[in-house]
Amino acid sequence: MKAVYLVVSLLAFASVHVLAYDPSPLQDFCVALNDSVTKGVFVNGKFCKDPMAVKAEDFYLPGFDKVGNTSENPTGFAVKSADVTTLPGLNTLGISLVRVDFAPKGQSPLHTHPRGTEILVVVEGTLLVGFVASNQNQNRLFTKVLNKGDVFVFPIGLIHFQQNVGYGNAVAFVGFSSQNPGVIPIEKSVFGSDPPISPEVLQKAFQVDQKIIDLLEKPFQV
């Protein structure tokens, strides 16, 4: 049964390639070359490895069956990524994949991915997920409780979340329409930016006094 849901997750991951947001490649592959000596401009990818030096290992990443350590994160979740930094063969192919583990009641922070649409499949547990539309759609909240085998899509750039509402651990696999979708955690970006956003700006934006701002900034202070 586990194999069935793994296949479902991989199919969900593969489907984003059809609508990949990154530019289409002009060669079979461009395995990322991690060369700190090479100088140049990086445009939508990294320098390519010599095709004759490419090996099967460049397209391989083990360990996605391993449970993440959710205790290392205060919100109770852990992420393992298969992106261009961990899987060089993804370079220029316009896709990436992550495994997300959730402790009981654990959740991802409110966040956005500026460069990629996200498609999620639950392989264990129960998740409450949702995203908030832009002002074009009156900032409506779209939310759903997902069980094992369910799939949900988060459109590119929109604020979203996932929360474990079950009684045990939860696991999801997530595909992105970008090799580097990026992530902007809303809370940390607003209250833990470096350098900090002006207190006057935050007070007026949230219509609260400085004491509240100080309280909200405290967890993100280094």
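Backbone N, Cα and C atoms are what each Cβ position is placed from, and that goes for glycine too.
Record features, source TrEMBL:
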BINDING   HIS111, HIS113, GLU118, HIS160  Mn(2+) binding site
BINDING   HIS113, GLU118  oxalate binding site
DISULFID  CYS30-CYS48  disulfide bond
DOMAIN    62-214  domain 'Cupin type-1'
SIGNAL    1-20  signal peptide
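Taking the features listed in TrEMBL, we show where each one sits on the structure.
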| residue | record | contacts (Cβ under 8 Å, 6+ apart) |
| --- | --- | --- |
| CYS48 | disulfide bond | GLN27, CYS30, VAL31, ALA32, LEU33, ASN91 |
| HIS111 | Mn(2+) binding site | ILE159, HIS160, PHE161, VAL183, ILE184, PRO185, ILE186 |
| HIS113 | Mn(2+) binding site | PHE154, ILE156, GLY157, PHE176, SER178, PRO181, GLY182, VAL183, ILE184 |
| GLU118 | Mn(2+) binding site | VAL153, PHE154, HIS160, VAL174, GLY175, PHE176, PRO181 |
Worksheet item: Around the Mn(2+) site recorded as HIS111, HIS113, GLU118, HIS160, what other same-chain residues have a C-beta within 8 angstroms of the site's C-beta center?
Response: THR112, PHE131, PHE154, LEU158, ILE159, PRO181, VAL183
Worksheet item: CB neighbours of HIS160 (Mn(2+) binding site) within 10 A?
Response: 24
